[in-house]
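J.: Residues annotated as compositional bias 'Basic and acidic residues' in TrEMBL: 871-888. Taken from TrEMBL, the feature domain 'Pesticidal crystal protein Cry1Aa' covers 239-295, 308-370, 381-443, 454-517, 529-590, 603-665, 671-734, 747-809, 886-945. Among the features that TrEMBL reports, region 'Disordered' is placed at 869-888.
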Amino acid sequence: MNKKQIKKIVSALTVVSILGTSVATPLNVMSTKAFADETSAISYDTSNLFKATTEKNGTNVYKYWLVAFSTKPSGSMELTKWSTDNEWGKIAGDSTRLGWVQDVDGGTHIGLSFHLADAGDQTIYARYTAMTKMGKKYYVSYDLLDTQSNTTTEKAGDHNAVVRMKNEYGTVLNEKSHYFANSVGGKRTTESGSFTFTAGVAYSELELAYSTTRTTKDDNNNQVWLKNVQIREDFSDQAKDMLNNLFTTADYKTLKSDVTQADVDEVQAIINAVVVPENKTALQNGLDTAQGLLDTKNGEAAAAEQAKQTAAKQAVDALFNNNNPVNNPIKATTTQQAIDDAQNLVDAITDSVVKAARQADLDKAQSLLDIKNEAMAEQAKQTAAKQAVDALFNNNTPTSNAIKATTTQQAIDDAQRLVDVITNSVVKAARQADLDKAQSLLDIKNEAMAEQAKQTAAKQAVDALFNNNTPTSNAIKATTTQQAIDDAQNLVDVITDSVVKAARQADLDKAQSLLDAKNEAEAAEQARQTAAKQAVDALFNNNTPTSNAIKATTTQQAIDDAQNLVDAITDSVVKAARQADLDRAQNLLDTKNEAVAADQAQKAVANYAVNQLFISNTPTTDTIKTATNQESIDSAQAEINKINDPILKTDLQITLDRAQELLDERNAVAKQVEEATKAVGGLFSNDTPTSNAIKPTTTQKAIDDAQKLVDAIVDSAVKEARQAELDKAQELLDTRTAQAAADQTQKAVANYAVNQLFVSNNPTSDAIKASTDQEAIDNVQAEIDKLNDPVLKTDLQTTLDRAEELLNERNEVAKQVEEAQKVIDELFNNGALKDTTDQAAIDKAQEKIDALTDADKKAELQKALDAAQKQLDDRNSAAEAEKERQEKAAADVKNLFENGNTNGALKDTTDQAAIDKAQEAIDVVTDPTVKESLQENLDKAQALLVRDKITNIDTHYAGTGYVTGKTSPGVTRVGLFVNGVLVKTAAASNGEFQIYAGGTPEMKIAGQIFEIAALTSTGVAGVKTASIVSPKVNPKLTAPAINEFYKGEGYVTGTVPTGATKVALYIDGTFIRYGVITGNDFKIYGNDVAHLKTHGKEFHVLVEDATGQQSDLTASTVKLKDTTVTPDDVTTKSSYLTGSVLSDHAKRIALYVDGEFIRHGAITADGYRVYIYDVKALKEVGAEYEIHVLDSGNNVLTSITGTVK
C-alpha cells in the first residue's frame, strides 16, 4: 500500500511529531525512508485536558483551582474570590453559601450547590478553560450527580443541569441537558453524559449551568456535581478514513493489493487512541476483518516468495564453481544467457534484503564473465590481426621480406583495421611493424609497375598514329589528328626513362611532320570544292539544289561554267556529289524548255472549245448557243486549266466567264416561271389546281404573293394559264371565309357549354362541378361536333376531354375510398384486431390508402390503419419477447448440463450462480406450459448440484502421500483424476476423504493440475473439483537473535538457530559482510562500518542454511550505554519544565523540589515535559529543582539539578 495514502490522512495529526524530528533533520531534506518511517513514531495524545484541582477549606467545603463561577451566562466571573472565612462572595445580599461545593460521597468534585432562599429561576455557571487546538475534534465525557435536600417540598421546581462547550467568543459548540424532577424527602440521581465538539481558534470553555424553576424553602441543600470529567481529543474520523483506505470497497470485503502489516499496525495505533467507545468498537471490528484478510494473503505470498528466493539462489549459485559464490570463479559453462535467466529469477524476489544479496552474487558473476569475455575477445583480435598481416608475405612469413604477388592495398588496409582494435600495446606494435614492412614493399612494387605502365601507354599511343601501328611505315593513318598527336605527347612527357622517352619522341615527331604535309594538300582541295559548290548552288532557287527548282535566270552558259569548276575537284566523292547537283540543274532547264512548247499547243485546243459555245462560234456575238449548257462550259474550263503558263490563260478565261454569265441569265428566266407555277399549285390540296380544293392553310396573303409571281411571267400563254388557276383559288377562299364566320358563332355556343361543366364556369380551376355527370359531358360534345373547322374544335375538345378525365378520376377515387374502407374494416372485430389479421393484411390496406388522392379521406383512413398497426406491433412484440425469454431460459438450462443434455450430468462449471441465473430467466417466461417444462429441468439441475460434491481439497504438496479434503454428505467413494484419467479411488465417509497419491509420478511435480470427484456405486464420476500440486516448502529458518549493540563496540553478536551455516550483516538493504558462527553464537565485525557508529541507526542480520535458504531479517539499532540530559531554561513565568534526553532506556522523569517529589513527566521524541505552573516554589528566581531520569522499572538512570531564572 502506498504510504503516502495513509500519510495524507494522518498529516494533521503528525505535524508536531514531524516538527520534533526536524530539529535533527530539517523538513526540506528529510530522506524518503525517514518519512516512510514517520508513522511508526506517531503517538496520539488522548490525555485529559480537564486538569482542575481542589483545595479543602472548612468542613466539606472546597476551593477550586482553574474553575470560575458566575451567575451570568457570559462575562466576568464574580464568584471567583475566596473570602477570609472560607466562603464564596455574596450575591445581592443573599445567602453567604452560594456556590459552595459540598462533599457527600467522600470525594472531591467539580460541582455547584444551590442555596438561595425563596429564589426563582436562578442559574449558576461554573467554567473551565481547556487549551484545545483549532479545528480539532474533542470528546467530552462525565458523570453528573444531582442531590436534593431532605427538606425539599413538592412546591420546589424541577432541576436542570446543562453541560456545554463554547469557543472563545461564547458560541456554543455542543451541549447536553439533564433534567431532575423534584423529589420530596431528598433524592440522589447519577447520570452519565458525553458529546463531541470541534474546537475554535484560541481555546474552548467547559461550562456547567445549574438552575431550578423555583425554590420555596430556605436552606435547601440542592446540589449538582460534575464528576470524572474528561476532555480528550477524538481521532474517530481520522481512524475511519485510514481504515477505509485499507479496502477497495466500503463493505470491507476486499483489501487493496498493496496493504502491508505496517499499514494495519498504523490503523491499529490510531484506533487504540479513539476515545468514543461506540466508534472504537466499530472501527476495531473493521480492522479485525482487514487483519484476517491480510493474514490469509501473507501466508500465500510467503510461500510464493520463498519459492522465488530458492529458485533465484540455486540459479545464481549454479553460475559458480562448487555452486558457491564465495571466493569461487564462475564455471567454464557459465554464459550470458545463464546470467540473464538468473537475473529474471532475482528480479521476481520482493524481499529487498534477500534480493540485494542475490543481486550482489549475480553482479559478481556478471563481472567475472565480462572479464573472461574481454580476455577472449582480445585474444581473438590478436589472432585475426596476425593472420591477416602474415598472409601478406611469401610463405605467410614477414621475415621473408617479400610480399605475395596477390598482396594489394585493400589487403593491407583490411589488416590495418584488425591491428587498430588490438588493446595490448606490445602485440599491437609488433603487428604494426610487420604491416609497415608490407606497405613499404608494396609501394616499391607499385612504383616500378607504374613506370612500365607509362612507357607502354606512350608506345601504344605513338604507334597508333601510323599505318599498321608501325612508325617505320612512314605513313600516318587517315584518322590521325592533331589531338591524337597531342594526347600521345602528354603520355611521352611523363616517361622518366630518358632513353625510352627519346625513342618515343622521335616517332612522334615523324607523325607530326606527316600530318602537317597532309593538312597543306587538303587545304588546296578544299578551296576547289568550295568554288564548285558555290557555282552549282547558284543555279537553284535559294541557292539550294534540294529545292529541285532552277532560277528563272539560269541559262545553259551558267551550267557550262559550273561544269568547268566541278571538273577541277580531285576528291572523287565530293566531285560526284557536285556533278549530281549540276546534272539535276541541266535536267530542270531541259524540262523547262519542253513545257513552253506544250503550252502553245494546248492554247489552240482551249481556244477552239471556248469558241464553240457562242453562235457562229464567235464570242463577239455575245450570245451563246441554245445547246450551250453548264456541262459544255465546264469542258471548256478543263481545257484552259491544262495550260501551265498563266499569261496564255488570261484572254481565254475572260471569254469563258462571259459565256457563263449568259447561261446564268437564261436560267433565271426559267426559274421565274417555275416559282410562279409552284406558288399557285401550293394553294391547292396536293399542290394540284385540278383538285378544285384549296388547302386549309391557304390565306389571302398566300394568294396575293402568288399573284405577284404570276405578274412577273414574260411568256403570255404561261401567264394566262397560271392566272386562271389563281382565280379558282380566290373563289374557293371566299367560300371558306363565309363558312368560318358561321363556325365562330357555334364556337361561342360550344365554349359556353364546356365552361358550365367546371367550378366557377372556369376550366382553369381544373375542377368540375359536383353536378357535372356523363350526360352533361355528352351534351357538350354534341355542340362541339357542330363545328366544321377542326382547328376551332381543338381547344374546346381538349377542355372537354379534361372534364371527362376529372369525372373519371372522381368516380375512381370514390371507388378506391370504398375499397380501402372495406379492407380496413375487415382488420377489426368490434374495434379490436382480429386474430387472423397479420402484417400482410395491413400492408394490403396500406397499398389501398397509398393509392388514394383525397388527402382528407386518406388521413382519416391512415389513422385507423396506424391503430391497427400498433395493435399488431404490440401483439408481435409481446410474442417475440416471450419467444426470446423462452429461448434464453432454455439455453441457460441446457448450458448447465454436459452437451446440453438435460437428462445427463451437470457440467463441471455449473454452480449455484449459474442455476440462479437460469431461474431468473425462467421466472419471466409467461407461457405456463413452457415454463413448467423448463422448471422441471432446472429442478433436476439443482438436485444434481447439491448432491455428491467435493466441497474442499486441502493443499497438497509435491511428493507427499495423501490428498485430503471434504465432501458433501452421502459421498462414499472418490476418485483422483490426473490429466483427465482416473488413477486412484478411495472410500469417503463423514464428509471427508483421503486418497493415496504418493505412487503417482505426476503428483510429485509442483504445478501439476489434478481433480477429485465423487463416484457413484457404478464408478460414474460426479462434478470434478480441480486443484494444483504445490511446491514442497522446506521449514523456514528461525531468524537470529541480536544482543544489545552499543555505540563504540567492535562486533555485532547474538545467537543463530541450529542448521545455520552463514550469518550476514545488512544495512539499508545492502549486504555488508558475513560473520563467524561458533556453535549457536555468532559475531560480525563492525568497527569499520560508519553506520554503526551513529546512535539510533538501524541494521539487520539474517542467516542461511546449507541449501541457501534464508531466514527473516532481525532488526536492531545502535544504542547508548549512558543517558544525557540537557534542560531548557526555565523562568518564574514558565508553565512547563522542558529539555532533551538522549537515552535508549529512559521512560519518564521525576520532578523534585526541596527533596520532595512533585510529579512525573513524559519523555517523547521531542524530549521531556512536566507541568510546573502550580508549583509555588518555582515562582521565585534562583529556586532549585532536581530531574531524575527513570527507566521502565523506575530505576534512576541519571539526575540533574536546575535553577529558575
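Note that Cβ sites are derived from N, Cα and C of the backbone, with glycine treated the same way.
Curation does not apply to TrEMBL; its annotations are automatic.
Locate each feature and note its surroundings.
T.: Beyond its flanks by at least six residues, the compositional bias 'Basic and acidic residues' (871-888) meets 832-833, 837-839, 842, 921, 924-927, 930, 934 of its own chain at Cβ-Cβ distances under 8 Å.
DSSP labels the residues of the domain 'Pesticidal crystal protein Cry1Aa' (239-295) in these numbers: 37 helix, 2 strand, 18 coil.
Averaged across the domain 'Pesticidal crystal protein Cry1Aa' (308-370), the predicted model reaches a pLDDT of 90.
Residues in the domain 'Pesticidal crystal protein Cry1Aa' (381-443) partition by DSSP class (helix H, G, I; strand E, B; coil) as 47 helix, 2 strand, 14 coil.
Sorting the domain 'Pesticidal crystal protein Cry1Aa' (529-590) by DSSP state (H, G, I as helix; E, B as strand; all else coil) yields 46 helix, 2 strand, 14 coil.
Counted with DSSP, the domain 'Pesticidal crystal protein Cry1Aa' (886-945) comes out as 42 helix, 2 strand, 16 coil.
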J.: Using DSSP, what is the helix/strand/coil residue split across the domain 'Pesticidal crystal protein Cry1Aa' (603-665)?
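T.: Counts, helix then strand then coil: 47 helix, 2 strand, 14 coil.
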J.: So, by DSSP, how many helix, strand and coil residues make up the domain 'Pesticidal crystal protein Cry1Aa' (747-809)?
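T.: Output for the domain 'Pesticidal crystal protein Cry1Aa' (747-809) reads 47 helix, 2 strand, 14 coil.
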J.: Quick check on the domain 'Pesticidal crystal protein Cry1Aa' (308-370): DSSP residue counts for helix, strand, coil, in that order please.
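T.: The domain 'Pesticidal crystal protein Cry1Aa' (308-370) comes out at 44 helix, 2 strand, 17 coil.
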